[in-house]
Amino acid sequence: MPRILLGVCGGIAAYKALEFTRLATKAGHSVRVVQTEASTRFVGTASFAGITGAPVLITEWEPDPLRGVFPGDPLPEHAPLSHLALVEHADAYLIAPATAETLAKLACGLADNLLTAAALACRRPLIVAPAMNNAMYEHPATQANLATLRARGVTVLEPGVGPLGSPGEFGVGRLPEPPELLAAVETTFDASLRGVNVLVSAGGTREPIDAVRFIGNRSSGRMGFAVAEQAQRRGANVTVVAANVSLPRATGIEYVDVVTAAELADACAARFDACDVLIMAAAVADYRPEAAHGGKLKKDQTGEELNLRLVRTTDVLSSLADRRRPGQTIVGFAAEHGDGALAYGRGKLERKHLDAVVVNDVSGAGIGFDAADNEVWIVTAEGEHHVPKTSKDAVAAAILDAVLNHSSSNDTKVR
Ligand code: CTP
């Protein structure tokens, strides 16, 4: 679900921003709104909040109950700075209407309110829709500011010609109609995986020893969930087979909860034929206790020693890769420890007939299992790509880029 941040400035055309918000949410986008103080004299925050289902922010100083994320997204544990978090989570930032004053501030890099501070922090597509009286729009100062913004890569939507806000005034300066605003925003979205079915496994399986004990691993599911959310942002239809993951969940992604390797195998097998891309990020047990004890094992039953006999589980990735149909892309993970990690990863690529293997060396501090960051090598038949230590979101983006690059050089469904 694409996320749109809408900045509303103080102008008569602010009423059109309401209709834009209605259209955008109806089209399935998740929208948040920041307003300037002046704009609230034209349209109140309650109207935007009612349509978006999210609080509207005016200043940095008010706490954001949604902690910088968009409706439907999981709440982060800490309260971030709104001007940074909102643009980080948005897919595009539209400022409409953009007044002459705000355009001047943006051209100068001023950040004196939440709307302008967010624009300065914005690394996503920034689109401004000027709306003002024609004398103000045609003034050389405004034109110079717009030229500066264009030169910096900001998309400036041309205002329309027609009757202006005050009676009898006619000229250039009308805010484009809401459907045009929406079309302009939508052209900036990354739709590289639109219509593609992506199946992701995430988390770590648990193999029961008895009714209360299990053999598990340290995987939190963060990497798999990050891949799933990135794929959704690129327009994919995403299903996650989640093994014991307690993280917040995104709206619009289908989650299938499993516990054991056998359940994960069944859940993935049932959905494999329908998927175009399989990304096996789960840490799946290679062995399980041969027989789980029905109740809770008591020490007086087991004595001084407890011997567990472990048997191999099915290698889900290999068994699915063996029955792949043409056009499917399969990505495995390889958590390796210490020297030779890359060579092991390459071996896995060939042995399991995969399109890519994401190798991480879990001996490094602060990366991999149960950590917020990761550092990986993405190994494909074409070579390997190093992703230095960064957030799991950024690693997820790099993995999907690799999938897309690989697919463009092969006959797969992704492109
Ligand atoms: N995997 C799987 N089914 C299993 C075990 C692992 O599908 N029973 C998948 C994991 O999700 C991961 C990849 O296989 O994508 C790598 O798992 P790993 O256990 O490291 O691979 P192996 O080939 O078993 O190598 P090793 O000898 O290092 O265990």
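Counting starts with 1 at the first residue shown.
Cβ coordinates come from backbone N, Cα and C, glycine included.
The CTP site recorded in TrEMBL comprises ASP286, LYS296, LYS348, LYS352 together with one of PHE333, PHE369, namely PHE333. For the recorded site, LYS296 (CTP binding site), the DSSP three-state label reads coil. By neighbour count, meaning other C-beta atoms within 10 Å, the densest spot among the binding-site residues LYS296, PHE333 is PHE333. Note on ASP286 (CTP binding site): other Cβ atoms within 10 Å of its Cβ, all shown chains, come to 13.
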